[in-house]
Amino acid sequence: MNKRPLLLCLGLWVACTLSKPTEKKDRVHHDSQLSDKVHDDAQNFDYDHDAFLGAEDAKTFDQLTPEESKERLGMIVGKIDLDNDGYVTEGELTAWIKKAQKKYVYDNVERQWQEFDLSQDGLVSWDEYRNVTYGTYLDDQDPDNSFNYKQMMIRDERRFKMADKDGDLVATKEEFTAFLHPEEFDYMKDIVVLETMEDIDKNGDGLIDLEEYIGDMYNHDGDANEPEWVKTEREQFMEFRDKNHDGKMDKEETKDWILPSDYDHSEAESRHLVYESDHNQDGKLTREEIVDKYDLFVGSQATDFGEALVRHDEF
């Protein structure tokens, strides 16, 4: 039996549950920056390239001639225009940027897909996932082992059913991606919140009190004095996390904590790209308007000199 999938699950569990006593565990799912480059169009469009293509694929376009960049960009426009009406809206551009930024997620799913799709039908059923991940562990458990594989499987099945939109217990690649990376999908946010609350709620009342909140982040382990950040977290809980000041966090308060709806970098970047490229100011972009501003969207050797990088043909 292949033990790698279960070891991956256990590895993630251990990483989430074990930490140094004074080390803060962060459960917040942050909206990541689109690029580590400075966003200053007066200097260059490197930030925009990373946002539109993803950092790795932006390097590819740096090695193309202007003509090649325009040709490939034109092909990409067809993928962004989801309703095929000949226009790219801010919403479609936002969706594309989010997808480009999630490329690492999809790459991770691709690496695992063949291992779980045992029947090679382009789908992964719950039975396939269960058999590959758990297999004989469910039948041959050490009673002295405190880790409950059956409970872990029940939790996985619940998440699988949530990701499986049509309820047939068979996941498409997109549904399987939502199962493996629920924090990346809006319709999976409730399960992320539920699993987090189950992890932290030790007394089983369905809520998170102050001591449970702190206990999840910090293990006293005989420390005489709490680190300063622990005191700060106590204040954060009482003043901001517990919005109704009843001493506990409910589902909505927990959601606001771990899935903050702050600044959306993808939406901001799509507005910026439309503003800079929309010649007739109708609020949407044609293929011609985008290709005309190819240096803003993707760049080329003519706009980005320097790095000697390996060229590939992903797009």
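In case you wondered, yes, glycine gets a Cβ from its N, Cα and C as well.
Annotated features in Swiss-Prot:
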SIGNAL    1-19  signal peptide
DOMAIN    68-103  domain 'EF-hand 1'
BINDING   D81, D83, D85, Y87, E92  Ca(2+) 1 binding site
DOMAIN    104-139  domain 'EF-hand 2'
CARBOHYD  N131  N-linked glycosylation site
DOMAIN    151-186  domain 'EF-hand 3'
DOMAIN    188-223  domain 'EF-hand 4'
DOMAIN    229-264  domain 'EF-hand 5'
BINDING   D242, N244, D246, K248, E253  Ca(2+) 5 binding site
DOMAIN    265-300  domain 'EF-hand 6'
MOTIF     312-315  motif 'Prevents secretion from ER'
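Features per Swiss-Prot, on structure.
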residue	record	DSSP (3 states)
D81	Ca(2+) 1 binding site	coil
Y87	Ca(2+) 1 binding site	coil
E92	Ca(2+) 1 binding site	helix
N131	N-linked glycosylation site	helix
D242	Ca(2+) 5 binding site	coil
K248	Ca(2+) 5 binding site	strand
E253	Ca(2+) 5 binding site	helix
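The Cβ of D85 (Ca(2+) 1 binding site) has 10 neighbouring Cβ atoms from other residues within 10 Å, across all protein chains displayed. Remote same-chain residues near the domain 'EF-hand 5' (229-264) are listed as 24, 27-31, 94, 183, 189, 192-194, 196-197, 205, 207-210, 213-214, 217-218 (criterion: CB distance under 8 Å, separation of at least six residues from the stretch ends). A distance of 31 Å separates the Cα atom of E92 (Ca(2+) 1 binding site) from that of E253 (Ca(2+) 5 binding site). Looking at D83 (Ca(2+) 1 binding site) and E253 (Ca(2+) 5 binding site), their Cα atoms lie 37 Å from each other.
Within 8 Å of the centroid defined by the CB atoms of D242, N244, D246, K248, E253, the record's Ca(2+) 5 site, lie the Cβ atoms of L207, R241, K243, H245, G247, M249, D250, excluding the listed residues themselves. With respect to their backbone Cα atoms, D85 (Ca(2+) 1 binding site) and D242 (Ca(2+) 5 binding site) stand 47 Å from each other. Applying an 8 A CB threshold to same-chain residues 6+ apart, the list for K248 (Ca(2+) 5 binding site) reads D205, L207, I208, D209, D242.
When the recorded positions N131, N244, D246, E253 are ranked by how far their Cα is from the Cα of Y87 (Ca(2+) 1 binding site), E253 comes first. Reported as a whole number, the C-alpha separation between D246 (Ca(2+) 5 binding site) and the residue listed as 'N-linked glycosylation site' equals 44 Å.
Residues D81, D83, D85, Y87, E92 make up the record's Ca(2+) 1 site, and a Cβ search at 8 Å around their centroid adds I80, L82, N84, G86, V88, T89, K284 from the same chain. Taking the Cα atom of each, N244 (Ca(2+) 5 binding site) and D81 (Ca(2+) 1 binding site) are about 44 angstrom apart.
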